[in-house]
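What TrEMBL records for this protein:
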{"type": "ACT_SITE", "residues": "SER109", "note": "active site, nucleophile"}
{"type": "ACT_SITE", "residues": "GLU204", "note": "active site, charge relay system"}
{"type": "ACT_SITE", "residues": "HIS267", "note": "active site, charge relay system"}
{"type": "DOMAIN", "residues": "13-129", "note": "domain 'LD-carboxypeptidase N-terminal'"}
{"type": "DOMAIN", "residues": "173-279", "note": "domain 'LD-carboxypeptidase C-terminal'"}
Amino acid sequence: MVKFQKLKIGDTIGIVSPASGDSADVINYNISSFKNLGFKIKEGKYLRKKNDYLAASDKERAEDLMEMFKDKEVKAIVAYRGGYGCIRMLPYLDMGVIKKNPKILCGYSDLTVLLNYLSQKTGLITFHGPMINSKISSDEITKNSFLSLLTDESNLINISTKDFKVENKELFRGILCGGNLTMICSTLGTPYEINTRNKILMIEDVNEENYAIDRYLMQLKLSGKLDSCRAFLIGHFTPYNPKTINTILSILLPYKKPIIYNIPFGHDYPNITLPIGSSILFDAAKDKLIIKY
């Protein structure tokens, strides 16, 4: 596990668009709202560029991210938004530079491929959490979780699971991986695919039909990725559909491994921040997830 420096109010956060872009007015509004959290902002060179459904060219987006890692003034990097495009820039990233300049990287959705690949290749803890366009201040749980994980000197999180649903309830421990289900599957069969061996897999998704969720999970099953997991954490599948939850359980339950679902992360509020690459222990007797990062 590569150590990184926690944030302090007043620190500089670098903002990049590793996937899709946005209009200037919307970017201005979202950055202004994010500044209310008390941090200084440094924009990536290509943050405001548009390239059809991408924010800039693949090399430009990768350059922005690499420059933020190298910039000593920047203490953390938060993605402006998801959308699509992170997978296209993976070949242009320098893992050696990132490992030598460890710092917080936060985002979710399309960022899933970045969060997991960087964590796997460098040992860096990455953060599955809100982005600049997430309107973080509109939800207290989302905001408090984000600020607590990134600024609190403690490296331990205790999450009560009493309000969640648990199947095959038993103690488990492992390293956290995962995020957006669609993006996890998009890297299978490539050098950037997720490593789930002896890990705790978290999944969430948005605007996917029930049959699509079935297909993605079957892809993970047939590729052997579910066999090697120790447990599963299920977040928001938005919009909520009980049939989708039933489909997920029908595929995961036969593994006879712990499943915790209705956890508030992903494309809905609250969207709590979770550290990819961190060590997780589920204390079944106390109904607690204990995360060390």
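Along the chain as shown, residues are numbered 1 onward.
Yeah, the Cβs are placed from backbone N, Cα and C, and that goes for glycine too.
Note that TrEMBL annotation is computational and uncurated.
Distance noted between the C-alpha atoms of HIS267 (active site, charge relay system) and the residue listed as 'active site, nucleophile' is 8 Å. If you draw a 10 Å sphere around the CB of GLU204 (active site, charge relay system), it holds 26 other CB atoms from the protein chains shown. Cβ neighbour count for SER109 (active site, nucleophile): 25 (other Cβ atoms within 10 Å of its Cβ, all protein chains included). DSSP assigns GLU204 (active site, charge relay system) to a strand in the three-state reduction. DSSP labels the residues of the domain 'LD-carboxypeptidase N-terminal' (13-129) in these numbers: 52 helix, 24 strand, 41 coil. Rounded to a whole number, the C-alpha distance linking GLU204 (active site, charge relay system) with the residue listed as 'active site, nucleophile' is 9 angstrom.
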